[in-house]
């Protein structure tokens, strides 16, 4: 199995999980970011030490660049760690592509949330109901009260689109 394929097989399901978890709880487990970073490092090491070194430096640089946004409450700490973990597994140009696609996906998510304030009906879920119905009811409540965006959704969209667009080795 090539390093890129390993990274794709590990990262894509974890990105989907992180997005779902962020929607449900607004938390991204640290283990998700750690496993993605380790799989990405393994993928980059398969291309050479210098390639891995560049990716680790870019991931660390992205982490440092995003920290002020987290400190100001514009991004969550888990979002910063997840984006940095993805950067470890990508080549420098692919990291830039990932950031751009993620920002655009975040813009679409933001517009959806703004429109959702006016379009989402009052949920009618009592104490019972399925887990999915309860999560959707809570999300509708968050949208109406202008709660924070689950930015891991945008990160997952950006990451998955970039990972699927990478050339096969």
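Every residue gets a Cβ built from N, Cα and C, even glycine.
Nobody curates TrEMBL annotations by hand; they come from automatic prediction.
A quick note: this is a predicted structure, and the numbers were derived from the prediction, not measured.
In TrEMBL this protein carries:
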type     : residues : note
DOMAIN   : 10-111   : domain 'Prepilin type IV endopeptidase peptidase'
TRANSMEM : 52-75    : transmembrane segment
TRANSMEM : 95-115   : transmembrane segment
TRANSMEM : 149-166  : transmembrane segment
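Outside the transmembrane segment (52-75), and at least 6 residues removed from its termini, the chain residues within Cβ reach (under 8 Å) are 37, 40-41, 44-45, 81, 83-85, 87-92, 95, 99, 151.
Taking H, G and I as helix, E and B as strand and the rest as coil, DSSP gives the domain 'Prepilin type IV endopeptidase peptidase' (10-111) the counts 87 helix, 0 strand, 15 coil.
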